[in-house]
Structure formats: C-alpha cells, structure tokens
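Okay, structure first, notes after.
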Amino acid sequence: MRSLTFTVAAGCLSAGLAMAETPVLTVYAPDYFVSEWGPGPKIEELFEARCACDLQFKPGDLLPRILLEGDRTEADVVIGLNTDVTKKARESGLFAPHGVDLSPLTLPLEWTDEVFLPFNYGHTAFVYDTTRIETPPASFDALLDAPDDLRLVIQDPRSSISGLALVLWVQAVYGDEAEAAWDKLAPKIVTATKGWSESYGMFTDGEVDMVLSYTTSPAYHIIAEEDETKKAAIFPEGHYFMVELAAKLAGTDQPELADQFMSFVLSEEFQGMIATGNWSIPAALSQDKWPEGFQKLDLPENVLFYSEDEAAELRAEAIEAWRRALSR
Amino acid sequence: MAARALAVSAALALAFLTLGPVAVVLARAGGFGVLGPGDWQAVRFTLWQALLSAAFSVVLAVPVAKAMARRRFSGRGLLVTLLGAPFILPVIVAVMGLIAVFGQAGLVNAGLAALGLPTIDIYGVHGVVLAHVFFNLPLAVRMLFSAWQAVPAEHFRLTASLGLSGQAQWRVIDGPLMARVLPGAFTVIFVICLTSFAVALTLGGGPRATTVELAIYQAMRFEFDLGRAAALAVLQLALALAAGLVALRFAGQSGFGAGRDRVVPRWDGQGPLARIWDGAWIVLAALFLLVPLSTAVLRGVPGLWLLGPDTLRAAGHSLMVALGSTALCMAWALPLASRRGELLALPAIAISPLVLGTGLFLIVRPFMNPFDLALPVTGLVNALMALPFALRILRPEAEAVARDYGRLRATLRMTPLAWLRLIWLPRLRRPMGFAAGLTAALAMGDLGVIALFADPDRTTLPLQVYRLMGSYQMEAAAGAALLLLMLSLSLFWLFDRGGRVNAAT
C-alpha cells in the first residue's frame, strides 16, 4: 500500500513538474494505438526524446469527437484517420496543411494530399490457415465460385472500417455486378461482426476457414508467434488499399511541436518501428528495410483504391448492394 | 415530507440524465433526421427479436426458478450465484463462449457429428435469441426465485396442512406470484434486448439481423448524422416506455402479506415425478448456462500469466467505478422504489450508450475537460443504467413492506429512522443485496460510455479486453476477460450473499 501511495504521489509530482516546464502535445489516436501492445508507447518514447515536450495520447473515436469539439478541440494532431472519413474531415475546415515533403513515401500509389499524411498501409485480404485450407481460392472469382461449405467471416460495413473497405473492394472489382457477386458470396458468409476483433477471434478459434483482415495480418503470426501457417489469399483482380493518416489541427496552440511531429511521422525512426508496432507496412520505408517477417508476406501486385470523393459517392450504393444481397 | 422531497429530486435527476443528453444531441443536430427504409426494417427486426428473447427467457425461467426454490441440495447456494454470471459477462466473452459450444466447431456439433447426426447452425435469428436467453434467463430466474423466497413460509405450511394439490397450490401461491413478477421481468428483458448490438450482429448472420442500435452507431460514427441518431434514440426510448406501460397494466399488485421469517421446509412437490421434473430443469439450466461460461474460463487461464500492469491498473479502475456506481445506484433507487419510479427509470436501459455518452460530452464540455471526468461519468452512467434493474428487484418488496407494516408504523408512531432501521432495511435486505450485486457486476462489465471518454490512464477492464484483441493479443484478452469475470462474480457474490441469508439453507 505504501509503495502504491508513493507511486501515485510521485506520479502527481512529476505530472505537476511536467506541466510547469514542458509544453504538451496532445495527439488523438484510435483505441488500439495506446495499449502496451500498440505503437503508442513507442511513438511517445521516440518523440519525447527529440522534442523536449510531453506527448499525450487521447484515445477514442477520432472524427466524431473532433467534429463535436469543433474549433475548441484540445487536439494538436490526429493520428489514425482513414481515407473513408477524410472527405468529412477536410470539409470541416479544422485541419491545416502538413507541409511535409512527400518524396520519401514508398506507397504503391501516388500520394499528393497536402493535409492528410500517410504513415502506414495494408490491403484488405482474406486470411486463412494453411493447415486447414491447402489450396486457397486463387482469385476473387474463384472465391465466389468456391464450394458453399467454405466458411467466411466478414465485418459489417456499417460499423467497421475494414467492413466498409470490403464493400468498396467488391465495388472496385465488380462494378455494376457487385450485387451479383455478393449473391454468390452470401452462402459462404457465416456472419458479419461489429468489428475486426470479433471476426479475428472467430478465425483463431477455428470457427471459420477464412476471415476478412489485412495482407499484413500473417506478419504478426510470423514474427510474434513464429507461426507461418496463416496466410493472405492474393487475388490478381487486385486488393483494396487501406491507409492510415495523420493530420495537424488548424487551431493547434503548439504549431511548432505539431509540425515537428508531422515530419517525425515520415522519419526513419518512426517508420522503422511501425511494422512491428502497428502490424502494417510503413509508408516511407523501402522494402529492404522491412523486418524479415514482412519480407515473407504475400503482397498483391494490383492495388485498388478510391479517392475520398469517389469513396463518398459510392459508399451508400456499395453498402446497399451488400445489404440487399445478404438479406435475401 | 423529507422522503417525498428525496423521491422528487431523485426522479428529477433521473429524467434529466435520460432526456437531457438526447435533447442536447438533438439541439446540436438542429432537429430530427430522416429515417430510411433500412431503419424501419431495423425497427421491425429489433422488436421481433426482443419479443422472442423476452418470451423465451421468462417462460423457461418459471420451471427453473420453481425447481430451485423448492429443492434443497448441496451446492444450491453456489449454483444460485453462478447462474447470475452470464448476465454480467462482457458481450464479446459470452458470444465466444456460446460459439465454442453451439458453433460449427463447437461441442454440440462435435457430439452430433460423432453420433452421425446433421449439425446445427447457430447463426440467424435463433442464434440471437439463444444468446439473449443465455444472458437473460438467469435474470428472470433470479427475479422469480427471489419472489418465491419472499413468500412467508407460513403459506407453504398452510397449503401443506390443508393438503392442497399441486394445482390448487398453483392457484393460491404460484399463479399470483407470477402475475406479480413476470410482466416486469418480461419488460426489463425486452428493453435490454431492444438495445442489443454486438450480439445481434455476431450471431445474427448478416444484415437481416440489423438492430436500431447499429443504425445509431452508423449514423453517429460514420455519417456524423446527429439528427438521425437522435431520432433513432428517441424511437428506442419510446418503444421502451410503451413496453413499460403495457407491463404495468398487466402486472398484478398484491403480495403475500407478512410472516415471521422462519425457514420452513417445503412439503410440496415431494413425489418422484416432481423430483425428476425439477431435477431435469435444474440440470438443463445449469448445463446451458455453465458450459459456455466454463469455456470462457478455460480459454482465459493461460492468458492470466500474460496480464501486464496496464491490465491490472484497468482492473483497479473498474473496481472503483463498480463500487461507486453501486453506492450511487442504491441511494438513488430507494426513494424511487414505487410503481411510478420504476416506469420512469425503464427508459434508462433503452437509451443508446453512444447517444448518452455524446450528450454528456456536450453537456460537460463547456465546463470541464471531459477526459478528466472519464471515470466519474462512467460510474454515473452505470448507476443510471442499473437503476431499472435495481428498481425491478426492489419495488415489489418495498411496496409489500409498506403495505404490510404501514399500520404497525402508524400505530407505534415510528420515527423515519426507526422505520428504516427496524423494518425497511432488514426486510429489504435480500432484494437490496441482489440489486447491489447486479449493479456492481454490470458496472464492472460495461463498455458503453467509457469508449467515448477514454484516456490511456483511465482505462477500464472491458475496454482493455477490446484493446488487447485489437492488437492481436487474443490470449491475453481471454485472460483479461477471465479476470473481469472473476472480479464481477466476486462483487456480485459479496453483495448478494449479504442479502441472501436464507437461500442456502
């Protein structure tokens, strides 16, 4: 008990001192970011070593919270936004240009956005277990034509970012035929869960054969568990591109620190820890510098992507096609 | 008169906290949004599954509770506590447990396959109902069980000495008892199921099983359409209120009068057929509720060794929130333990946590940094959400006490303090213990509002479970979930045992 009291007292004291002396940079981040297993603690450590400041993560729902707070938001920087919401974010006028040189980017597509800065990416993919499926479907068409006893779990596009990416993926591959494609896929879909975690749990528990996840998911199993049996099925039709973004708030009271953080995002130090910190591909790091487990990943040659305007326009239609087909 | 003032202020606080956040969200949105055809389909599905879930839960609860009330066997006290466990499990843990038993690769299908029988599929409306019965059957059983426990033992002695047949006893004791308890139990469960979200999605099998809460989530998080979210939230509240009004209409009033609080053996149902019948119900209920629970426990054990300091700190926060919520909820519930209070409180379960959280955020924002209030707000919201359960449990007994002992009080001119100390609290001890245990356990397991206010230094245990799963730490998440289960169950047991003095005998 005494040690607890001491820790608390020491904590308060150091927090008090920190407040008095060092400026605070407030960064809003998604929930998974801040746990001891997420990239947050590492980012905090690396950045504080170079900024003489106190970086504080505030996890939670990013965009709804910022839109609610409006120009009174405490955030200086937001990290972890996604292209599916950037249109709304941009239109709010709350964000400022990042001013970072984009030439170090190594994304599989060209990126010229002046406001939203990518820091890592992956692609949607169906992940399977090689001990249960020896020959996975070799294309999206083959997946649609697979026997109906193939058991898939996906995420609901109305409650999950990855679920939304899947309906856009199907839209990108099949266009006007998207609903017919969903019709063929429907018998194989066991269920659509609220979020990624529930789906992935069902997959690791052996309840389903394949799960909608990311091309980078097998890297976690390879590196952290030395398990090479999890693989992503690669389709020649292409895979939908998922990118995570950082942005600076226009109303920040720490503009210099925020700028410093934005350039830190593309630094080699930051990018070097992203692969095993956030289990996704760093946005500005050449492939030979990726960890060994990432070199082993099967990655698609063909990348599909909708700009935020296209995505915003297609979203309702793509979700509706999914809903109609799976409601039959 | 002081009691009346207390009741009025408790009611005002309740109304402010349920309607205030919705009103603020609505004001911010500048009016109600328009509902689409998908939304109306969601309303229909929500109502349908909630009706089915509540009906199955209460109908199945009758034979189970009756069997539990009239049988004496070793481990009965433990079973009564354990049967309360599913209700307080974090949704994700319970769903995984159910899948481990009823899923494709689950125990039931393994058994069916071994016998050469066709396998079953848990995904669909029946899966949603199954999960809701798993969650809520124990609640209905406990409500009925408590009511049976509260029947003065003299009544059973009398029915035995009069030699009443089972049918006759049903008419004089069991029937009226159920008329008094079941409508309320049905309503509470119906309203809980109205707001179902993750269960309906995961086990529903797809978009056919869309609930209103999902539509709120989508409107709020993806479209930032506060007007539509507010419209849906109000619709959900109206459904809950309508259910409450219907239940009140049908609920019988009279209790069984006062007795001398002796524990009397029960002479009814001693025939071999009745023994087999009761035994079968107890065994079936125990299997249905405890096997999925055990899988959650078994899965969690290896993960216990992976729990880091973050998780332990989160557990500490959750304990604080749970104890604070319980104290607040009990203080709030006692002055409201009346018919009107119960109806007033019912919408509190039906209010969307997302809308509630957003509304509170908007209310708090001008005065303070909402992050600093993460834990107090979580405690307050949990007290609010547990209030309808607490009132459902307390109200019938509280009214019975007032009716049965009111004349005594008047004759003796008891002071309010003496009344409270000598009559009220001792007689309400059992339902209060149960209600407090339930509140504490619910507050432990709640995820709803903290997600909006979360702060890395103020994480609660359920949030930590989700964070671990989101970082591929499935094993550690299972361990954290087990820790959550153990803590919730211990709190529940401690409070409940304080009140349930006669049940184990």
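The backbone N, Cα and C atoms fix where each Cβ goes, and this holds for glycine too.
Copied from TrEMBL, the annotated features are:
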DOMAIN    B:43-247  domain 'ABC transmembrane type-1'
DOMAIN    B:315-495  domain 'ABC transmembrane type-1'
TRANSMEM  B:45-65  transmembrane segment
TRANSMEM  B:77-102  transmembrane segment
TRANSMEM  B:122-141  transmembrane segment
TRANSMEM  B:181-203  transmembrane segment
TRANSMEM  B:229-252  transmembrane segment
TRANSMEM  B:273-294  transmembrane segment
TRANSMEM  B:314-336  transmembrane segment
TRANSMEM  B:343-367  transmembrane segment
TRANSMEM  B:373-394  transmembrane segment
TRANSMEM  B:434-454  transmembrane segment
TRANSMEM  B:474-495  transmembrane segment
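Counted over residue pairs 6 or more apart, the CB atoms of the transmembrane segment (B:77-102) and the transmembrane segment (B:474-495) come under 8 Å in at least three pairs, which marks the two as touching. Residues 3, 6-7, 10-11, 13-14, 342, 344-345, 375-376, 378-380, 382-383, 386-387, 390-391, 394, 398, 432, 435-436, 439-444, 458-464, 480, 483-484, 487-488, 491, 495 of the same chain, all 6+ positions outside the transmembrane segment (B:314-336), place their C-beta atoms under 8 angstroms from a C-beta of that stretch. Most Cβ pairs under 8 Å with the transmembrane segment (B:343-367) belong to B:229-252, among the candidate stretches B:45-65, B:229-252, B:373-394. Here the transmembrane segment (B:122-141) has long-range neighbours at 48-50, 52-54, 56-58, 60-61, 64-65, 68, 83-87, 89, 94-95, 98-99, 102-104, 106, 185, 188-189, 192-193, 196, 199-200, 203-205, 208-209, 285, 288-289, 292, 389, meaning same-chain residues at least 6 beyond its ends whose C-beta is under 8 angstroms from one of its own. Counting C-beta pairs under 8 angstroms (sequence separation of 6 or more), the transmembrane segment (B:373-394) fails to reach the transmembrane segment (B:45-65), with fewer than 3 such pairs.
Tallying C-beta pairs under 8 angstroms between the transmembrane segment (B:273-294) and each of B:45-65, B:181-203, B:474-495 places B:45-65 first. With a threshold of 8 Å between CB atoms, the same-chain residues lying at least 6 positions outside the transmembrane segment (B:474-495) that come near it are 81-82, 84-85, 88-90, 92-93, 293, 296-297, 299-308, 311, 314-315, 318-319, 322-323, 326, 433-434, 436-438, 440-441, 444-445, 461-462, 464-466, 468.
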